[in-house]
Amino acid sequence: MTMIARPLQYDTEPHKDNPRSRENLAVNVDILPFEEKKVDDGMSTNGSADASAQVQRKLKQRHISMIAVAGTIGTGLFLGSGQSLRQAGPIGTLLGYILMGAVVFSMQVALGEMVTMFPVTGAIPHYAERFFDPAMGFAVGVNMCFGNIISLAAEITAAAILVEYWDATTPSWVYITIFLVTICAINLTGVRWYGEAEFIFSAIKLSVILILIILGIVLDLGGGPTHDRIGFRYWLDPGPFSQLHGILGPVGRFLGFWTVFIQAAYSYLGVEAVAIIAGEAENPRKTIPKAIKRVFFRILIFYIGGVTVAGLLVPSNSPRLASVRGHGTAQASPFVIAINNGGISVLPDIVNAVILLSAYSTGNTALCEPTWG
C-alpha cells in the first residue's frame, strides 16, 4: 500500500474571519492502493475475472472438481513411490506421505481462503504482491514460471521415455516434438477445451488408480492366480523400515524415512493449480471451496491408499525395485511389480499407458499455469 500525506496548510496571517485555526487543523491523508484493479464478486458465471485481464470464466464445477482430485497426479505416485519404498520401507514411506499430505492440505486450505475472497487471475503471485510486497510478487511469479517450464520439459521427456516401453527404435525427439505440439495446440484453443481435456485425463487416471488399489487388496488377500495370501508379511520381513545406504541402527532408519519427504513433495506437486485457475472458474466463491475440501479425500484415498497397497505387495528389498532404479517405464512402478508377482501379465501395458497419460497431463498443466500467473 502507498500512503500519500498532504502537508499541513497553516495561515501565516491570522485574523478574526479566518475559519481555520490551529485547533481545527486537519491532516488530509489519501490512501491509494498499490494497484487499482477492479475485482468482481466471484459469483459471475460469464464475466471476466478482472477488468485488466482478458480471461473468461469458462471452467465449470465438474472441471474444477476433477482437476482438484486428479489433475496433477503424475509420475511421482506411479513411479516415485517405488523408490521411496526401497529407501524407507513400507511404514517409513507411509508415514512420510501422511506427514507431507498434512502439510499440503493445510497449505491448500489457507490458500483456498484467499482465493475465495479474491478470485482473480494471477493467484499466488497476486497475493504475494497484495499482502507482502510487489518485489515478492514478482519473485514468486518468476519462480512459478521457471518451475513450470522445467516441469514441462521433464514431463515431456518422461513421456517420450515411457513410449520406449513399446517402441525403442524411434528417436525420442520425434515423440517429444509430437507431445509438445499437441500440448501447445490444447492450450491455444482456450481454457474451456483445456478443462475438457483435463477432465478426460483425470477421469482415466482416477479409474485406473482405483482399479489398481482394489486389485492390490485382492492380491494381498490371496485372490490372484497364485492364491498367495500376503497380508502384512512384508511389514515383518524385511521389516517396516529400511536402512538408507546400509547405515545401520536408528540413524539409518530415520534417514530413510527423511528421504521420503522429497519424493512425497514431488508427488503432491501441483495441487495449488486449483487456486491458480480460480480466475477462469464459474462462480469461484462456491466451486473453489468445494474443490479444496475434496483434496483431503484425494490425499487419503489415492496417495495414502496407493502407497499402503504398494507396501503390502512389494518387499522393500525386492531386487526388482533396485534393478529398475532410474528406469522411466512401468517396470519401475511398484504396482506393476506387484501385478507381475501376482501372475497377471496384461496390466503392465495398461499401467504404462496411464503413466504416459499422467506425464502428458501434468505437462499440459505446467504449460497453462504460467499464463494464469
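Quick reminder: no glycine exception, Cβ is built from N, Cα and C everywhere.
Taken from TrEMBL as is:
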COMPBIAS  12-21  compositional bias 'Basic and acidic residues'
DOMAIN    63-367  domain 'Amino acid permease/ SLC12A'
REGION    1-21  region 'Disordered'
TRANSMEM  64-82  transmembrane segment
TRANSMEM  94-115  transmembrane segment
TRANSMEM  136-161  transmembrane segment
TRANSMEM  173-194  transmembrane segment
TRANSMEM  199-219  transmembrane segment
TRANSMEM  255-275  transmembrane segment
TRANSMEM  295-314  transmembrane segment
Using Cβ atoms only, state whether the transmembrane segment (173-194) and the transmembrane segment (255-275) have three or more pairs under 8 Å that are 6 or more apart in sequence.
-> no
Of 64-82, 94-115, 136-161, 199-219, 295-314, whichever stretch has the most CB pairs under 8 A to the transmembrane segment (255-275) = 94-115
Return yes if the transmembrane segment (199-219) and the transmembrane segment (94-115) have at least 3 CB pairs under 8 Å (sequence gap of 6 or more), otherwise no.
-> no
Report, as numbers and ranges, every residue of the chain located at least six residues beyond the transmembrane segment (295-314) whose Cβ falls under 8 Å of a Cβ in that stretch; write 'none' if there are none.
-> 68-70, 73, 77, 81-82, 84-85, 89-91, 93-94, 97-98, 101, 104-105, 108, 206, 209, 212-213, 216-217, 219-220, 230-232, 234-235, 267-268, 271, 274, 320-321, 334-335, 337-338, 341-342
Looking only at the domain 'Amino acid permease/ SLC12A' (63-367), what is the mean pLDDT?
-> 84
